[in-house]
Amino acid sequence: MSVVSKENKNVWYLPGILTGLRITFKHLVKNIFNKKQMLTLNYPEEKYEYSPRFKGNHILTVKKDGAIRCTACMLCATNCPAECIKITASEHEDAQVEKFPISYEIDMLRCVFCGFCEEACPVDAIRLGPEWQTPGKNGSNFIYDINHLAYRPQLKGGVQSAVDDQDRHKAGI
Ligand code: SF4
Ligand code: SF4
């Protein structure tokens with residue numbers, strides 16, 4: 001970066017334009033012959049690979065049988081600083097399952113991707129995954145429901161929770 005002094009009264013701009021074109025042409029040739037070193041990413045054909053720890057779009061995990069892992073305890077919603085999680089709980093027909101969410105929604109336009117929901121969850125039912133793209137044409141697309149959070153095509157049938165019910169019951173949790 002160069003600093004242009006106010007005293008510079010040079011109004012002859014052609015050398016400046018030619019210098020700029022020379023630099024542009026130099027980078028063009030360099031990029032054509034050395035694509036691996038190219039700094040520009042040709043998005044969306046090329047996507048940046050973030051760290052596996054990147055906190056992107058939310059995932060609701062599932063149990064071994066594919067059912068939603070969430071127990072509708074509301075800890076994530078209580079801890080969410082943006083108040084963007086809305087859960088409706090219901091009793092489960094299986095006596096061993098105390099509660100489950102019949103509805104779980106996250107308003108992605110309010111979410112600040114802080115990860116507090118993930119931290120608060122006692123059964124690894126919610127995670128912030130590596131996806132970061134949230135395209136959509138109107139506001140309603142950004143309220144992610146339970147089906148999108150747990151079973152969207154990118155998740156290939158669902159991501160299994162690390163907390164197993166049988167292990168949990170054995171531990172008396
Ligand atoms: S990442 Fe933060 S703001 Fe977003 S839903 Fe979770 S707790 Fe709320
Ligand atoms: S996602 Fe986790 S913290 Fe949130 S309601 Fe479900 S079990 Fe509780």
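The backbone N, Cα and C atoms fix where each Cβ goes, glycine too.
From a predicted model like this one, the values you see are computed outputs, not experimental measurements.
Feature list (source: TrEMBL):
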- 60-90: domain '4Fe-4S ferredoxin-type' (DOMAIN)
- C70, C73, C76, C121: [4Fe-4S] cluster 1 binding site (BINDING)
- C80, C111, C114, C117: [4Fe-4S] cluster 2 binding site (BINDING)
- 102-131: domain '4Fe-4S ferredoxin-type' (DOMAIN)
Other residues with Cβ within 8 Å of the Cβ centroid of C80, C111, C114, C117 at the [4Fe-4S] cluster 2 site?
C76, N79, P81, A82, C84, I85, I106, V112, F113, G115, F116
Which binding-site residues of C70, C73, C111, C121 contact ligand 1 in the sense of C-beta under 6 Å?
C111
How many whole Å apart are the CA atoms of C111 ([4Fe-4S] cluster 2 binding site) and C76 ([4Fe-4S] cluster 1 binding site)?
12
Round to the nearest Å and give the CA-to-CA distance linking C121 ([4Fe-4S] cluster 1 binding site) with C114 ([4Fe-4S] cluster 2 binding site).
14
Sorted by sequence, non-C70, C73, C76, C121 residues with Cβ within 8 Å of centre, [4Fe-4S] cluster 1:
T71, A72, M74, L75, A77, I87, C117, A120, P122, V123, A125, I126
Distance filter, Cβ under 6 Å of ligand 2; input binding-site residues C70, C73, C111; output C70, C73
Count the other Cβ atoms sitting within 10 Å of the Cβ of C70 ([4Fe-4S] cluster 1 binding site), across every protein chain shown.
25
Given C114 ([4Fe-4S] cluster 2 binding site) and C70 ([4Fe-4S] cluster 1 binding site), what distance in Å do their CA atoms have, once rounded to a whole number?
19
Quick one: mean pLDDT on the domain '4Fe-4S ferredoxin-type' (102-131)?
95
DSSP state at C117 ([4Fe-4S] cluster 2 binding site), helix/strand/coil
helix
Site of maximum Cβ density within 10 Å, from binding-site residues C73, C111, C114, C117:
C117
